[in-house]
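Copied from Swiss-Prot, the annotated features are:
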- Lys101: active site, schiff-base intermediate with DXP (ACT_SITE)
- Gly162, Ala188, Gly189, Asn210, Thr211: 1-deoxy-D-xylulose 5-phosphate binding site (BINDING)
Amino acid sequence: MNDSLTIAGKSYRSRLLVGTGKYKDFAETRAAIDASGAEIVTVAIRRTNIGQNADEPNLLDVLPPERFTILPNTAGCYTADDAVRTLRLARELLDGHALVKLEVLGDPVSLFPNMPETLKAAETLVKDGFQVMVYCADDPIQAKMLEDIGCVAVMPLASLIGSGMGILNPWNLRLIIDQANVPVLVDAGVGTASDAAIAMELGCDGVLMNTAIAHAKDPVLMASAMKKAVEAGREAFLAGRMPRKHYSADPSSPTSGLIGS
């Protein structure tokens, strides 16, 4: 079955996107990403060397752009201006690469998105030729506004970044999914494989995660688990779950037509 994820006109086999931070070293980063099967990897430009500093190890030596789609992000930015400046730098470092992940944070404690600044930055970046995937609140109205601006994917949080609390508001996610004409990917809050599966069962087009893998006791094994969870959740969504019944039990084994009855 051909069931690829298409973002900005490019198709991907994997619906799991992963971050590159918080690992003990680049070797563990590469091993975990290989185990995840991810094709899109996101990189915090303000925290990770992808060529800005010639004297430091370069992540692109471990994750070559020829094999992976590098998704620069604006983690650590708290204003639209900072986010735009950061992604313009990333475009220079990556030879005109246009696909980016925008996140503008509200405060350093919750890391909740600052939506007015996010909307402002998104509008500027889209006009500047970027293909913007955007981290946002689980607000259906603002998610639709980001789509209308021209973002190529909306990425509502499941819960706070790094919290591992899972999906706290599935109803809002479903509203966002039902109205969207661009891919919807859960971003932030996934803690374990069942969270990823639930996101996919709700109808999300993909899941992005970092801490859930990097802070697991065995990151490589957790990456493998997340790969399977995303695949299983997607298949369950496509298969269509049975209706929930709060009454009138329907036994798996029929009681009529039994031998000897």
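Just so you know, glycine gets a Cβ as well, placed from its N, Cα and C.
Features as recorded by Swiss-Prot, highlighted on the structure.
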| residue | record | CB count, 10 Å |
| --- | --- | --- |
| Lys101 | active site, schiff-base intermediate with DXP | 27 |
| Gly162 | 1-deoxy-D-xylulose 5-phosphate binding site | 16 |
| Ala188 | 1-deoxy-D-xylulose 5-phosphate binding site | 24 |
| Gly189 | 1-deoxy-D-xylulose 5-phosphate binding site | 24 |
| Asn210 | 1-deoxy-D-xylulose 5-phosphate binding site | 24 |
| Thr211 | 1-deoxy-D-xylulose 5-phosphate binding site | 18 |
Cα-to-Cα gap, Gly189 (1-deoxy-D-xylulose 5-phosphate binding site) vs Lys101 (active site, schiff-base intermediate with DXP), nearest whole Å:
17
Residues close to 1-deoxy-D-xylulose 5-phosphate site centre defined by Gly162, Ala188, Gly189, Asn210, Thr211, Cβ within 8 Å
Leu160, Ile161, Ser163, Gly164, Val190, Met209, Ala212
Going by DSSP, is Lys101 (active site, schiff-base intermediate with DXP) sitting in a helix, a strand, or coil?
strand
